[in-house]
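Below is one structure, written out as structure tokens; comments come after it.
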Amino acid sequence: MEEIKLKIINIGILAHVDAGKTTLTESLLYSSGRIKELGSVDSGTTKTDTMFLERQRGITIQTAITSFQRENVKVNIVDTPGHMDFLADVYRSLSVLDGAILLISAKDGVQSQTRILFHALRKMNIPIIFFINKIDQNGINLPDVYQDIKDKLSDDIIIKQTVNLNLKPYVIDYTEPEQWETVIVGNDYLLEKYTIGKTLNIAELEKEENERIQSCSLYPVYHGSAKNNIGIKQLIEVITSKLFSPTQLNSDKLCGNVFKVEYSDDGQRLVYVRLYSGTLHLRDSVNISEKEKIKVTEMYTSINGELRQIDKAEPGEIIILKNELLKLNNVLGDKKRLPHREILENPLPMLQTTIEPCKSVQREKLLDALFEISDSDPLLQYYVDTVTHEIVLSFLGEVQMEVTCTLIQEKYHIEIETRKPTVIYMERPLKKSEFTIDIEVPPNPFWASIGLSVTPLPLGSGIQYESLVSLGYLNQSFQNAVMEGIRYGCEQGLYGWKLTDCKICFKYGLYYSPVSTPADFRMLAPIVLEQAFRKSGTELLEPYLSFEIYVPQEYLSRAYNDASKYCANILNTKLKGNEVILIGEIPARCIQEYRNSLTFFTNGRSVCLTELKGYQVTNIKSAFQPRRPNNRIDKVRHMFNKINLH
């Protein structure tokens, strides 16, 4: 008997906080027959909220994956986070989707987070269905919600389904002329037929509608109540129809992408992979780089929130591997065959704090927990300060910090203490400078001579390195050692922060054979680099955000006048409907206070969209961070610093 090949579709459910995305996932599983009873966010019995903290707070933090099947179509549901600080996780999840359901609460309308998610989906060309949830609440006016979507998201919507007074959903067909006009706008052939009075057949309209939805130029609107299972069967029908097409390649060559890493309660490392082409079998050896392979020893897929072991995976499938080598964004197989899709850059951590266990005996356990958490979330980084021995934690936003701390307490059972977060600064040289330290010239104890120059570069350039010393004069091992020393030296500038936006040139090098070793060059290079920066001086840079602020017109004056109070620079203004859009930039350290102020005086009617712009010169006069010591070079550093002070 011939095996029926499943069509696999990966969809994402995205929404602002409390719009009901986890409840919708439960309802989809229930209506498709995958689960026998509906879980509840309030009671903590949902299938996809796996972390204790998620159940406690009623919001989805990690990306949970489950699936259901209708006839010969399998749908993997990626239930994505809804909190601002977790957009990095959202963006990673978006890259594996064939389509998205964007939830909008009928009561709350389009929220700030809804706009951010819609912008991200459009930027990555992912087809979208709008699902208006909670229509069974009192005081709902659907035409107002439609207008809200048009004003704040897109005019290109088509109402495909609504409800009658008894809350029984029905599907709108193509009998209404306005439905025809919405579908055929932009298609000259169909528009001409319609204009001259020729009949448009349903097949033509459906084909044009599907093509426009796939090209992200039309967005169908559906309605319902996930909590009370209203409109869910119709949503399942449209998901499993021709609306979403699998993003996969016609190739036998294997290609898959790692988009998520997590740890199970018993400490097993789980790696999530989306397959785009080829078939992966148990015990296959797979390339993950030019020099590295992994062997597939265990392979799972998620069904009803549970892991099920499988022997093979087909294109389109999301699989889970137990593997210690795979990292986020690794490609399994042929990297060239990965579908092109614009990847939104993950922002850099902008804040840091210290974190310590209340009981010193739990310090090692805390470090182990941080290792697991940071492995799952690259936006969370940590290190142990070698001066104070404190654990320094860097992160994107305060909600991320709060969730991380609660996770450490609830999952790992470690009571912790933290300090108030501070901004992560960077440094850039003020002018071009050079410095040389010669061999056998005190206080240089190393058998090496190094001459370096540093030149400031425009903001956002990063570190550039060039060697003017030929390999014929100084061999590769010495040259590599100089680069390693410079890389180490760039970790700490004059204020103790990382250096950036400069060109470092290796201009002169000398060694004595046979006494000189690469270690001599490795130790001397950061000392020479520091002296060059002392000659040039450095300036502090801080993270800036670009923003779009939407405020009702009556609050424009207040929002504009408050900008300078929070160090914001408004670059442009636009009028859209009853709102004014303020476009500008602001230091990351000020955005939360400005956002809170906007929310307060507009009574929650403002929207603030932000993206990391990069680092810019700060007006903060000084912000020192203690240097991390190095016993092998610090004595020499201090001697050169003392000499060059005079």
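Backbone N, Cα and C define each Cβ position, glycine as well.
Annotated features in Swiss-Prot:
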DOMAIN    6-247  domain 'tr-type G'
BINDING   15-22, 79-83, 133-136  GTP binding site
Rank the binding-site residues Ala15, Ile135 by how many other Cβ atoms lie within 10 Å of each Cβ and give me the one with the fewest. Ile135
Return the single residue from the binding-site residues list (Asp18, Lys21) that has the minimum number of other CB atoms within 10 Å. Asp18
By a three-class reduction of DSSP, Ile135 (GTP binding site) is assigned coil
Looking only at the domain 'tr-type G' (6-247), report the model's average pLDDT. 79
